Amino acid sequence: MDELLGEALSAENQTGESTVESEKLVTPEDVMTISSLEQRTLNPDLFLYKELVKAHLGERAASVIGMLVALGRLSVRELVEKIDGMDVDSVKTTLVSLTQLRCVKYLQETAISGKKTTYYYYNEEGIHILLYSGLIIDEIITQMRVNDEEEHKQLVAEIVQNVISLGSLTVEDYLSSVTSDSMKYTISSLFVQLCEMGYLIQISKLHYTPIEDLWQFLYEKHYKNIPRNSPLSDLKKRSQAKMNAKTDFAKIINKPNELSQILTVDPKTSLRIVKPTVSLTINLDRFMKGRRSKQLINLAKTRVGSVTAQVYKIALRLTEQKSPKIRDPLTQTGLLQDLEEAKSFQDEAELVEEKTPGLTFNAIDLARHLPAELDLRGSLLSRKPSDNKKRSGSNAAASLPSKKLKTEDGFVIPALPAAVSKSLQESGDTQEEDEEEEDLDADTEDPHSASLINSHLKILASSNFPFLNETKPGVYYVPYSKLMPVLKSSVYEYVIASTLGPSAMRLSRCIRDNKLVSEKIINSTALMKEKDIRSTLASLIRYNSVEIQEVPRTADRSASRAVFLFRCKETHSYNFMRQNLEWNMANLLFKKEKLKQENSTLLKKANRDDVKGRENELLLPSELNQLKMVNERELNVFARLSRLLSLWEVFQMA
């Protein structure tokens, strides 16, 4: 499969020159002459990615990334022409650093004349690793199963931090600076755990290859392999080439995740170790699965309660590693623009969720992993209040004089004696109470009993939100393909309600439920004043949550003869919200860097070795107050950035 990927990297692309010519139509002045504020507002992706790269790699790297985001793929020569103050050597040096951190992908193309040109693309995966770097370390430390908590967690943090800082590393290089044999054994076992949990994977050419170009090469290869004299129609040829390309594409994509390519057995100790020469890198998709689980747990907590959400947390963690990817690579190939392909992709995703081994579970599976401090006893109602009313009603009915029964010949059947009737009733009540007591005792014996866990799973499966699906009695799986759109909708409504008010959320729901509505229908269903409805609609339209559609009633297209209807287009709304949150995150990073620049002299003085720890003695009172203000504002930025990040990532997930 490496040979196949190698062919893709060195494949001849006859359209390379025409693509370059079309890109030359956009001059550097079109981007660089825009004022700073306008440029940041027009392209939130550019604003965020430049600020992130600037904070980690400096101004030159930010300029290169900015050009790649704004103009698309570029060669070294084109980058030199478009960026002032950078020559060929500086551009190449910067590209090496960006490529090492997986912020840039590249592809070599051969023109008709035989000239080879390497084009560079920005890679959002590497930039997102920089964005999540601290959270990645924290998440992995939380999920790792270690014996000595403090020492081993510190070692894990150092390993992950080194991998993020260098982009990739081998175990052999990492252990070269370790002298103790026991420490080498410990670190080697931690590397094995990280690989088994999926947080570290083998780095390959795939991480530096544009997905769109890889798919295009595979598709064209299989299409050309079909004989020209084949009796198949062109439509069937394309369909067959597409199926074969999908198979090869899946093999290439999944190869870095295969443990057999990473782990081996040490002949000396007979223990599993990571191959010393294999380069390892961070698996961002594995980390994002954990972030997705957290979002779903928070959603379950608001819908079905905290105890049931804890049971749901165990179910998600149990199946998290084998769960579907956050964003399937096929969605980045442009293949899903075809409606039939999109529908078949959705159906296939639902089938994979149900049939993949390791994604289904039952109550017994969860009972083995429930924490000891979680007690499920008393978390469910053992008897409905209506049962008491029914029982008291039946007793009252029994106390009333019963209707006399007669035989065919007119003989009246006498009622039972009062003593006998009373004894039968008491025995029946005693039997019911004994049965109830037995049920309650069964629940109170084991805090993690299968019956209690199964009851919580049924609550999740019967909720209006599809947290779980039941394939067969007692066996469940998480329907991510159905649940993620619900999560997006819920978070979007939360943001709208918290920023524009509950009335905006009510109108948004009303329009979305009715698809296409007029103002008259909104007035009759929203139960709000007409003045409030119009002002709220104006706010929703400004935030791209609601769109206006003109429907002419006659051939005359004047506005006075048209009807204006309202509708919600979720794709546009979510994209606008994502860009809005993205811009706010970038603006926070921009303000943080600006704050550091304004106080650079004070920060340099405070970070000197002879001043650290003696600030109260060596700094003036005004400098101490200024330093305290800078630190507080920086902490405030990180807190706000964390909240924005948790909202933004929901709209990033497919």
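All positions are counted from 1 along the displayed chain.
Every residue gets a Cβ built from N, Cα and C, even glycine.
Of the candidates S22, S177, S394, S600, Swiss-Prot records phosphoserine for S394; the remaining residues carry no such annotation there, which does not rule it out for them. From S113, S233, S386, S392, the position flagged in Swiss-Prot as phosphoserine is S392.
For the residues T27, T209, the entry in Swiss-Prot flags phosphothreonine at a single position: T27.
Mean pLDDT for the region 'Leucine-zipper' (581-602) in this predicted model: 90.
Shown for the region 'Leucine-zipper' (581-602): DSSP residue counts in helix, strand and coil, namely 21 helix, 0 strand, 1 coil.
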